[in-house]
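The structure appears below as structure tokens.
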Amino acid sequence: MGQACGHSILCRSQQYPAARPAEPRGQQVFLKPDEPPPQPCADSLQDALLSLGAVIDIAGLRQAARDALSAVLPKVETVYTYLLDGESRLVCEDPPHELPQEGKIREAVISQKRLSCNGLGPSDLLGKPLARLVAPLAPDMQVLVIPLLDKETGSVAAVILVHCGQLSDSEEQSLQVVEKHALVALRRVQALQQRRPEAVQNTSVDASEDQKDEKGYTDHDRKILQLCGELFDLDATSLQLKVLQYLQQETQATHCCLLLVSEDNLQLSCKVIGDKVLGEEVSFPLTMGRLGQVVEDKQCIQLKDLTSDDVQQLQNMLGCELQAMLCVPVISRATDQVVALACAFNKLGGDFPTSSFTDEDEHVIQHCFHYTGTVLTSTLAFQKEQKLKCECQALLQVAKNLFTHLDDVSVLLQEIITEARNLSNAEICSVFLLDQNELVAKVFDGGVVDDESYEIRIPADQGIAGHVATTGQILNIPDAYAHPLFYRGVDDSTGFRTRNILCFPIKNENQEVIGVAELVNKINGPWFSKFDEDLATAFSIYCGISIAHSLLYKKVNEAQYRSHLANEMMMYHMKVSDDEYTKLLHDGIQPVAAIDSNFANFTYTPRSLPEDDTSMAILSMLQDMNFINNYKIDCPTLARFCLMVKKGYRDPPYHNWMHAFSVSHFCYLLYKNLELSNYLEDIEIFALFISCMCHDLDHRGTNNSFQVASKSVLAALYSSEGSVMERHHFAQAIAILNTHGCNIFDHFSRKDYQRMLDLMRDIILATDLAHHLRIFKDLQKMAEVGYDRNNRQHHRLLLCLLMTSCDLSDQTKGWKTTRKIAELIYKEFFSQGDLEKAMGNRPMEMMDREKAYIPELQISFMEHIAMPIYKLLQDLFPKAAELYERVASNREHWTKVSHKFTIRGLPSNNSLDFLDEEYEVPDLDGTRAPVNGCCSLEG
């Protein structure tokens with residue numbers, strides 16, 4: 001079945017319930033409630049253009065120009081519109097005065113370009129009306145002199161003076177648009193004035209009959225003058241009634257009508273027959289028969305000249321048999337083209353009903369339209385502009401309707417079908433969306449198809465819809481059965497009759513076809529007109545934008561729902577029960593001294609503390625730093641937060657909770673031993689400590705490059721911004737803060753809350769070593785010139801340095817700890833290397849268990865990364881010297897291990913094996929330490 005139209009007709013026989021929009025699930029992650037979103041404002045430019053588009057007279061033009069300029073320009077105080085009166089005088093009627101053409105005004109008129117100034121000079125001011133525009137004006141005000149040009153004569157046809165404020169770029173653009181539309185409105189008013197004859201004085205014909213006879217007026221002339229005096233309506237139907245009644249009386253015809261010719265000369269239409277206004281306009285094609293030749297030849301014809309098809313069409317329209325007919329072309333003086341056919345039917349008198357129309361009747365009709373034709377064509381032109389105005393307003397309303405249904409594609413498509421059918425007066429409308437190489441329709445006039453088995457799918461290169469989708473061009477088919485692409489099998493099976501089709505493409509902002517709309521059977525015409533094509537083209541733009549944005553909105557929503565669902569699942573498994581935090585706080589917060597007497601010394605190893613005691617140790621450190629009291633943090637909330645953070649860590653060999661605890665403890669050591677409060681604000685130190693706790697949340701044991709190479713979900717979310725894992729860690733921290741009962745910053749002011757989150761983001765992102773290497777030169781410069789507490793950049797750099805030193809703090813402990821940490825790190829690295837090999841990629845040497853030589857890798861890491869960091873710390877804080885010395889000591893240990901295994905060789909092919917053998921390496925104090933990765937850590 002290769003035709004879109006047929007399928008859509010077939011599916012209209014079933015009614016389908018509308019699809020219900022999916023209900024959002026999950027919890028939204030947010031920072032703090034913002035100000036309410038701004039309400040949409042009215043489109044003042046569109047309103048201004050619509051008002052200009054409706055102008056039909058001078059008074060309306062002046063008012064529309066004033067309203068339009070007031071709508072788009074700032075602080076408009078005065079608008080004067082001067083129109084050409086005679087050959088050179090430019091006159092304003094409100095108040096009445098003539099435009100002085102001197103000074104700035106003369107300059108603008110001669111240059112024929114808009115001019116702005118800070119007021120008019122004395123030479124410009126000839127009277128009181130312009131006195132308020134005298135220079136100098138206020139600094140924020142100006143006078144605009146806007147000449148409107150008549151392109152035919154090349155002269156200025158009107159001038160507008162505006163007293164307003166200074167313009168922005170957007171207001172300048174709006175003014176240019178208004179100028180163009182004002183000129184179009186002026187031309188339209190001038191054209192209407194030229195075509196409309198002066199009103200005939202309402203005097204008695206009988207009273208002036210003798211005078212007109214003396215002037216040589218005939219009886220026809222007097223009747224025509226009387227008729228013209230009655231043609232004051234702006235409605236073309238009323239004008240036709242008066243003219244046709246006159247023609248019926250003068251030609252003795254039983255019926256008279258006007259067959260109006262469409263702009264494309266493809267059809268005739270009739271709304272009035274004699275004294276009767278038809279309920280619906282009757283239209284029929286002009287491509288066949290003698291009536292079409294009349295439009296081309298401009299010659300009168302009678303009944304005997306018509307074809308049988310012509311006669312049948314006219315008899316169907318009149319509802320009676322034709323005995324006689326006279327058809328006279330009505331020619332426009334402006335275009336010299338036939339605009340209508342005046343027809344008289346069945347002449348009374350004489351041998352009625354066989355009487356024929358005479359040359360005198362032909363003269364009567366021609367004489368009538370010689371005087372009334374311009375009135376009729378002007379009124380028809382006015383009605384057309386009114387129709388265009390209504391269509392523009394309808395399109396604007398359609399756009400509003402479409403853009404309020406972006407949340408559901410099916411509802412949007414249903415709205416598109418309804419609006420398209422109403423705009424074009426079509427019997428049926430179908431919309432197909434392009435899905436790869438198929439056109440898919442699941443929304444029809446009858447409703448929405450929920451079951452995929454009922455949706456229509458056709459190849460994108462078959463049938464009428466396929467042709468439009470392939471070419472991207474609109475297709476108007478007057479006779480469906482005569483078109484080679486139409487498949488009439490569906491019509492034969494359903495009994496439906498497809499007469500004509502208008503099929504148009506729907507494109508996105510990149511001019512790519514994303515769908516096709518198909519209108520079937522014009523209701524009030526023989527086929528779809530050129531006007532319908534233009535309307536469909538304009539309508540398709542709104543359709544394309546709304547569909548593209550709706551599909552994008554759907555994808556974003558689906559991604560958000562998945563994210564919310566994943567977040568809900570994670571939070572469910574991380575949920576802290578009331579018993580857990582109650583048990584943690586049962587005996588109050590333990591003093592730091594009770595944990596270990598050396599807890600606040602750099603020599604203390606936090607990994608020696610049992611993991612079950614680490615949550616209390618976090619609370620103890622926060623209390624010792626006085627953050628709980630200073631920021632009035634609720635203890636149950638803090639306990640829940642700490643337990644949630646602990647549960648937020650996975651269990652890879654190294655990047656687990658014990659690593660986060662060690663990093664947090666080192667931050668505490670820096671605070672206690674280096675007196676950080678003399679360098680940083682309290683909120684910065686607090687943010688540093690919380691960031692240490694959260695800096696590796698939900699770490700998967702793989703680095704950023706692996707996330708990008710494996711095209712993981714995290715990479716899709718964050719790769720464009722860089723620091724994939726670090727951004728994920730921060731997002732997880734925000735998710736925990738947004739969990740009920742875990743927001744430890746809940747009592748912060750909005751300003752402090754935002755600053756705390758900004759600090760956490762920057763500090764956590766600083767754990768990416770790539771970031772550290774980018775700012776290393778800035779850190780060196782800061783150390784050279786000395787730290788300046790009043791320099792905000794120094795604050796940011798110091799926080800980044802402190803975070804990195806905390807993250808690598810295991811290197812500042814004893815050799816046993818350093819050796820154990822190396823084992824954990826390389827187990828994690830080798831696991832990633834194995835995954836990369838399984839993906840078909842070649843891992844880095846440090847992650848390849850078959851190639852990595854750990855001692856050399858550790859020496860390189862300590863020389864190029866760790867030691868420079870702690871050297872900078874020593875330069876800024878002399879008390880941190882012991883940290884640098886201990887890192888240097890551990891580097892010497894690795895040098896000796898490397899030398900030993902260079903001589904003796906590795907114990908086996910596995911690079912981790914040497915850490916599991918009982919080799920001894922002389923410690924720096926002369927004792928011998930077993931090189932055993934499983935030995936207990938010093939406490």
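Every residue, even glycine, has its Cβ placed from backbone N, Cα and C.
Residues or ranges marked as active site, proton donor in Swiss-Prot: HIS655. Secondary structure at HIS655 (active site, proton donor), as computed by DSSP, is coil.
Marked as 3',5'-cyclic GMP binding site by Swiss-Prot: SER430, ASP445, ILE464, TYR487, THR498. Secondary structure at THR498 (3',5'-cyclic GMP binding site), taken from DSSP and collapsed to helix, strand or coil, is coil. Here the Cβ of THR498 (3',5'-cyclic GMP binding site) has 23 other Cβ atoms within 10 Å, regardless of which shown protein chain they belong to.
Here Swiss-Prot flags HIS659, HIS695, ASP696, ASP807 as Zn(2+) binding site, drawing on similarity to another entry. HIS659 (Zn(2+) binding site) counts 24 other C-beta atoms within 10 Å of its own C-beta, drawing on all protein chains shown.
What Swiss-Prot lists as Mg(2+) binding site is ASP696, and the listing cites similarity to another entry. Counting every protein chain shown, 26 other Cβ atoms lie within 10 Å of the Cβ of ASP696 (Zn(2+) binding site).
Taken from Swiss-Prot, the feature domain 'GAF 1' applies to 236-373, supported by sequence analysis.
On the 0 to 100 pLDDT scale, the domain 'GAF 2' (408-547) averages 80 in the predicted structure. Under the heading domain 'GAF 2', Swiss-Prot lists 408-547, citing sequence analysis as support.
In the three-state DSSP classification, SER116 (phosphoserine) falls within a strand. Under a cutoff of 8 A between CB atoms, and with a sequence separation of 6+ in the same chain, the neighbours of SER116 (phosphoserine) are GLN142, VAL143, LEU144, VAL145. The phosphoserine annotation in Swiss-Prot covers SER116.
For 16-38 (among others), the entry in Swiss-Prot reads region 'Disordered'.
Residues or ranges marked as region 'Disordered' by Swiss-Prot: 197-217 (among others).
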Check: To which of the recorded positions SER430, ILE464, TYR487, HIS655, ASP807 does the lowest count of other Cβ atoms within 10 Å belong?
Finding: TYR487
Item checked: Spatial neighbour of HIS655 (active site, proton donor) that is closest, considering only the binding-site residues SER430, TYR487, THR498, ASP807 and their CA atoms -> ASP807
Notebook entry, point to check: Near HIS695 (Zn(2+) binding site), which residues of its own chain have a C-beta under 8 A away, given they sit six or more steps off in sequence?
Noted result: ALA660, VAL663, GLU726, HIS729, ILE763, ILE764, THR767, MET803, ASP807
Margin query: If you compare CA-to-CA distances from ASP696 (Zn(2+) binding site) to each of the binding-site residues SER430, ILE464, TYR487, which comes out shortest?
Written below: SER430
Checklist line | Residue from SER430, ILE464, TYR487, THR498 whose C-alpha is spatially nearest that of HIS659 (Zn(2+) binding site), among the binding-site residues | finding: SER430
Notebook entry, point to check: Per DSSP, what is the residue tally for the domain 'GAF 2' (408-547) in helix, strand and coil?
Noted result: 55 helix, 42 strand, 43 coil
Notebook entry, point to check: Within 8 Å of the Cβ centre of HIS659, HIS695, ASP696, ASP807, which other residues of the chain have their Cβ, at the recorded Zn(2+) site?
Noted result: HIS655, ALA660, VAL663, CYS692, HIS699, THR767
